[in-house]
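Student: Got a structure for you, questions after.
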Amino acid sequence: MNTPVTPEQQAEIDNLRESPRQTLRVISEGMEQHLYTAHPVLDHGFVRVVDYMGDDAAICQAARVSYGRGTKSVQNDEGLIRYLMRHWHSTPFEMCEVKLHVKLPVFVARQWIRHRTANVNEYSARYSILDREFYIPAPENLAAQSSVNKQGRSEVLEGDEAARVLDLLRQDAMRSYDHYEDMLSQDGQQGLARELARMNLPANIYTQWYWKVDLHNLFHFLRLRADAHAQYEIRAYADALCDIVADWVPAAFGAFRDYRMDAVSLSAGAVSVLKRRLAGETVAQEDSGMSMREWREFQEIWG
Ligand SMILES: Cc1cc2nc3c(=O)[nH]c(=O)nc-3n(C[C@H](O)[C@H](O)[C@H](O)COP(=O)(O)OP(=O)(O)OC[C@H]3O[C@@H](n4cnc5c(N)ncnc54)[C@H](O)[C@@H]3O)c2cc1C
């Protein structure tokens with residue numbers, strides 16, 4: 001994997017990590033380990049925490065509307081956090097926030113930006129020239145179109161076909177970037193404006209943004225994007241974020257994993273089928289009241 005930051009950028013990050021400051025504010029020891037560090041994702045991307053607010057105790061503090069830390073005991077706090085998560089009492093989770101710096105391919109950014117409950121500021125390709133950095137999938141992620149899921153992929157491409165696809169991706173990326181540079185060039189010509197020249201670049205070029213979100217909405221993002229149904233490339237970012245959030249707010253993340261991520265929700269029809277099965281009845285799709293697709297999804301979970 002290539003290093004996603006240049007030596008100069010790394011020096012800036014190191015400099016920030018070498019200058020600790022005293023504060024009266026709440027800190028999360030787990031999150032302090034991540035602060036400023038760039039965690040590599042895909043071939044040139046990263047996520048890094050630029051700032052954060054709150055910890056597990058801050059969730060309890062808000063829930064109890066407390067004057068002090070709001071902490072009773074770690075066990076007590078964990079119980080409260082699990083209760084809040086279980087009962088969709090979400091506002092205390094909004095009291096924690098995180099500001100991230102993310103470097104990601106444009107086609108991943110298009111999926112990510114759909115999550116509207118965050119604050120975003122993106123690198124301006126009107127103002128600056130984009131770097132020659134393109135996402136080229138690792139061979140194990142170069143897969144064929146799925147025949148059962150129109151929004152998915154199936155077997156990994158192999159041999160000549162894989163080599164040909166990789167070749168096309170690399171050649172097209174390089175060629176369009178060469179033309180981008182040519183169009184911008186003022187060498188004996190006026191040079192096309194950056195805001196126009198960029199339209200020639202493919203969607204696998206990398207962009208960057210600052211993304212600030214509260215924990216409740218971050219959980220919603222992770223629930224959708226760290227899921228098997230999400231495209232691998234955005235899932236890679238969501239997985240990296242899960243590791244960070246688990247260190248930041250371990251109790252809240254544990255509750256989120258149990259009650260959201262690894263949980264399943266049942267329709268009234270599914271509950272009825274399960275009850276009939278527990279009573280000893282054999283239920284088939286035809287007399288379940290479920291569509292074929294719903295039945296298939298039900299079977300995947302309950303067999
Ligand atoms: C597997 C997968 C496949 C997808 N496929 C497609 C696709 O084919 N085409 C496509 O266009 N999108 C697709 N999406 C994007 C999806 O439809 C959502 O836009 C995206 O997941 C963001 O979710 P959200 O709106 O809940 O998040 P947020 O924008 O963060 O909103 C969080 C919650 O806030 C509330 N909210 C926010 N803004 C408003 C508002 N203006 N009005 C009312 N309520 C609001 C809603 O309750 C919402 O659930 C896909 C997403 C996934 C995970």
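FYI, residue positions are counted from 1 along the chain as it appears here.
From the backbone N, Cα and C atoms, a Cβ is placed for every residue, glycine too.
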Student: Can you match one of R82, R170, R225 to the dUMP site that TrEMBL gives for Q111, W112, I113, R114, E122, Y123, S124, A125, R126, R198?
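Tutor: Candidate listed by TrEMBL for the same site: R225.
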Student: Which one is it: of the binding-site residues Q111, I113, R225, whose Cα lies the shortest distance from the Cα of E122 (FAD binding site)?
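Tutor: Checking each of Q111, I113, R225 against E122 (FAD binding site), the shortest Cα distance is to I113.
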Student: Considering the binding-site residues R126, H220, R225, which residue's Cβ sits among the greatest number of other Cβ atoms within 10 Å?
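Tutor: Compared across R126, H220, R225, the most Cβ atoms within 10 Å surround R225.
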Student: Nearest to Q111 (dUMP binding site) by Cα distance: which of the binding-site residues T91, L215, H220 is it?
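Tutor: Going through T91, L215, H220 one by one, the closest to Q111 (dUMP binding site) is H220.
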Student: Spatially, and counting Cα to Cα, which of the binding-site residues is closest to H115 (FAD binding site)? Options: S124, R126, R225.
Tutor: R225
Student: Q111, H115, L215: which of these binding-site residues put a Cβ within less than 6 Å of any ligand 1 atom?
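Tutor: Among Q111, H115, L215, near ligand 1: H115.
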